[in-house]
Amino acid sequence: MDPNESPPNQFRHVVAMPYPGRGHINPMMNLCKRLVRRYPNLHVTFVVTEEWLGFIGPDPKPDRIHFSTLPNLIPSELVRAKDFIGFIDAVYTRLEEPFEKLLDSLNSPPPSVIFADTYVIWAVRVGRKRNIPVVSLWTMSATILSFFLHSDLLISHGHALFEPSEEEVVDYVPGLSPTKLRDLPPIFDGYSDRVFKTAKLCFDELPGARSLLFTTAYELEHKAIDAFTSKLDIPVYAIGPLIPFEELSVQNDNKEPNYIQWLEEQPEGSVLYISQGSFLSVSEAQMEEIVKGLRESGVRFLWVARGGELKLKEALEGSLGVVVSWCDQLRVLCHKAVGGFWTHCGFNSTLEGIYSGVPMLAFPLFWDQILNAKMIVEDWRVGMRIERTKKNELLIGREEIKEVVKRFMDRESEEGKEMRRRACDLSEISRGAVAKSGSSNVNIDEFVRHITNTN
């Protein structure tokens, strides 16, 4: 379909239902923004809880994206990490009925398709009852989804339970390059087992979706994406990176924020940007080691700390860095002063790091982040790990952190030069995917054709 043409009636009104979390809402919004910019007569109803509307309502967006809200029937975003299983259960059981009522109230025009996060377990069921096609958006890597869907292979190979330090290699999962057990989330063990059992219920609903969208670019994970053609009977499309790259070119007439002004004063490639994400956090003891190791490294840094900003500022007073509570991450990563990205390896951040051409220092915390770190370091070869030198250590010590930060930010070493060359190459691939005739735009048009022809 020519994007300049008006979309058919089957694709006039999209209802978007993201899973209520920052790492899920952002890519869903980026998808909707790309579509309304590409298809002039498309309208989107973007559904969030009342709490989330307070968080994102003021953010700029196209006029043809409108918010609708569900009541706050789930735990607050501010406390969901304290009982993650309870939060998932609340999303599964408390939001379906109010979403149905909202859906039935939308009639000008009536919804033509539902975009739902894969983790919104009831979306396919709701769409089926109303004969509205549902498109599933997977916001993590295609590789981790292939791992999840082939989890039975771990059991048959005797790898269901393992120690995080195990070196044994898994080489039998479609779409997954040979990977050590320690680089896989322990999905059958303890707390992770409980999380996986709840997630698996959502994966069982995938065959009922009209299609599956990935936030990645095909070129970044082609083996994993190709593996889905034999695993699923629905079409899959890689339409990423679903990051806000289009907004980088928007001119801002307001005064530049202080952190950008500070970056302008730093030498090229000298700043380590640090973000540990917006959901999980490390222990106080580990944070103390990070702070002291960073200070002793003598490296310039910009640290975004969502919560605990004042405490960090005090601990790092007199160092070569700046601590802020929020920043425009993609803009920071694309700034010439930034030479490295300390990341928790959430997939959105990983995609932004790749797009920016900045090497990544991987410090994963949980779940898909563990495998993302392996992909960054071993598959794409655009980063290093922060890890224990001794397997029995509970904490990564300040000395280890100091040394790896210095090594990572050394632009003159052969290792540093090769890592940065690879990061630049991967950036070109990522940017090429979203260029005018790139794979992601081609896939978006194919996806729209599929939806309109089968509706």
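Residue 1 is the first one shown; counting continues down the chain.
Yeah, the Cβs are placed from backbone N, Cα and C, and that goes for glycine too.
Annotated features in Swiss-Prot:
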- SER278, 327-329, 344-352, 366-369: UDP-alpha-D-glucose binding site (BINDING)
- MET1: N-acetylmethionine (MOD_RES)
* Among GLN329, SER349, all listed as binding-site residues, which has the most CB atoms within 10 Å of its CB? -> SER349
* Structure fact -> One residue among the binding-site residues GLU352, ASP368 has the fewest other C-beta atoms within 10 A of its C-beta, namely ASP368
* Structural state of GLY346 (UDP-alpha-D-glucose binding site), classified by DSSP into three states -> coil
* Structure fact -> Neighbouring CB atoms within 10 angstroms of the CB of GLY346 (UDP-alpha-D-glucose binding site), all protein chains considered, total 26
